[in-house]
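Chemist: Here it is, the structure, as structure tokens.
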């Protein structure tokens, strides 16, 4: 089954994608990851992408779609895939439709995790990190001692892009990019919207119910 996974920052997309990978044995394909892998491996498309990345510019769609096409042709995608973080625009969605047609792997379903902005802001702006790799949340999982890591005793901190203003900006960008795509895939009868405010396992049970018809 071939899946596109949508959801704003903080909606739990990564968590649900991991559960789908474990449950169905199909790979999660994150554009950021495969882009970095191609650059690291020095592939022709990776080198083309690196030229733009080194200048701090966005990688053009035609380079990105070539990298995605090559990844989807790999053996582990035979039974399906989860596309995470792509497409982000209507032109990208159109380009994706063309390559999926070429390799005969049409999208079965587009899962859209929906969470109200206020909850997303609380989820993300409450995150705390430590340099040792430990992570906390002011409300849901605070360190035992204020601002001190339970594991190494180091000072915990908030990442710059997790601050409330930055989160609001990220959500605005996401909405501008993704709302047209919600409409695009709704018209094709592919979109299923799920309530991302529910418990992680509850959300996954709903995903499994949706995917049952494609498994």
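Cβ atoms are placed via backbone N, Cα and C, with glycine included.
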Chemist: Ranges 126-162, 163-199: which does Swiss-Prot label region 'LID'?
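Modeler: Of the candidate stretches, Swiss-Prot labels 126-162 as region 'LID'.
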Chemist: Fill in the CA-CA distance, residue 86 (AMP binding site) to residue 132 (Zn(2+) binding site), as an integer in Å.
Modeler: 31
Chemist: Measuring Cα to Cα, how far is residue 88 (AMP binding site) from residue 10 (ATP binding site) in Å?
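Modeler: So the alpha carbons of residue 88 (AMP binding site) and residue 10 (ATP binding site) sit roughly 17 Å from each other.
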Chemist: Rounded to a whole angstrom, what is the C-alpha distance between residue 14 (ATP binding site) and residue 149 (Zn(2+) binding site)?
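Modeler: Approximately 24 Å lies between the Cα of residue 14 (ATP binding site) and that of residue 149 (Zn(2+) binding site).
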Chemist: For the binding-site residues listed here (149, 159), which one has the lowest count of neighbouring CB atoms within 10 Å of its own CB?
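Modeler: Among the binding-site residues 149, 159, the sparsest Cβ neighbourhood within 10 Å belongs to 159.
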Chemist: Residue 149 (Zn(2+) binding site): which of the binding-site residues 10, 12, 59, 127, 136 have a C-alpha within 10 angstroms of it?
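Modeler: For residue 149 (Zn(2+) binding site), the binding-site residues whose Cα atoms are within 10 Å come to 136.
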